[in-house]
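Here's what TrEMBL has on this protein:
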- 5, 7, 109, 223: divalent metal cation 1 binding site (BINDING)
- 149, 173: divalent metal cation 2 binding site (BINDING)
């Protein structure tokens, strides 16, 4: 099994559980691969340095992109703290170089977010669309899969992908839609990645999505340190908790747990070009 999306930069400097510690603890419960995502410039640079480090764990891979909410900040020229940020075009240009570091396996996370950034904010909206389209082009250029961040933007995400042409391997990271949206994505050949929130009491839409599409184009992630599955919700998430999420995925999809783990593992390796265990 592979945790195909987490943020290990949050563990940088953690004396209690290091980056290597996260990967090793995950391996103890059968998680033999982890993809860490750098979705702001500091995290993207950190991820590239980690990938270039000869001492990085063999089970660790990376991905980088400008997160949609970060794209809006780059367009404004400053962060929430008022600190200056490089222009959006410079950020995207740097990402296009960092993604070529050995060990990078995905362009992401990119997409649209109308939850934290208002669609009514013209500058922010335009920046998100610009960044999304640039990352689509980058994924096609590099031949890498693309991980999409879609928050309250289902229709717009599909419209952009339909208009620009989706990369061959397009993953809806932390899938947040319902059965209808799941069907629309799978019918387009996309993959759905489910995180720990599928275990939450109020996540009937996610469980309904799995019941609709089954297990064939499904992957699992943590989005760690966020979205910790029940019963540990409220604590920092980590890749070793993937089995809790997988149990819910299997149940909702109506598939035996061992079979679900096998098929999700095979799908993930195929999407990211990961050698068989």
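Note that Cβ sites are derived from N, Cα and C of the backbone, with glycine treated the same way.
Everything TrEMBL records as a feature, shown here on the structure.
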residue: 5; record: divalent metal cation 1 binding site; Cβ neighbours (10 Å): 27
residue: 7; record: divalent metal cation 1 binding site; Cβ neighbours (10 Å): 20
residue: 109; record: divalent metal cation 1 binding site; Cβ neighbours (10 Å): 27
residue: 149; record: divalent metal cation 2 binding site; Cβ neighbours (10 Å): 25
residue: 173; record: divalent metal cation 2 binding site; Cβ neighbours (10 Å): 28
residue: 223; record: divalent metal cation 1 binding site; Cβ neighbours (10 Å): 21
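The divalent metal cation 1 site, placed at the center of the C-beta atoms of 5, 7, 109, 223, has further neighbours from the same chain whose C-beta lies within 8 angstroms: 6, 37, 39, 108, 147, 173, 174, 221, 222, 224, 226. Note: the CA-CA distance between residue 109 (divalent metal cation 1 binding site) and residue 149 (divalent metal cation 2 binding site) rounds to 6 Å. Of the recorded residues, residue 149 (divalent metal cation 2 binding site) and residue 5 (divalent metal cation 1 binding site) place their C-alpha atoms 11 Å from one another.
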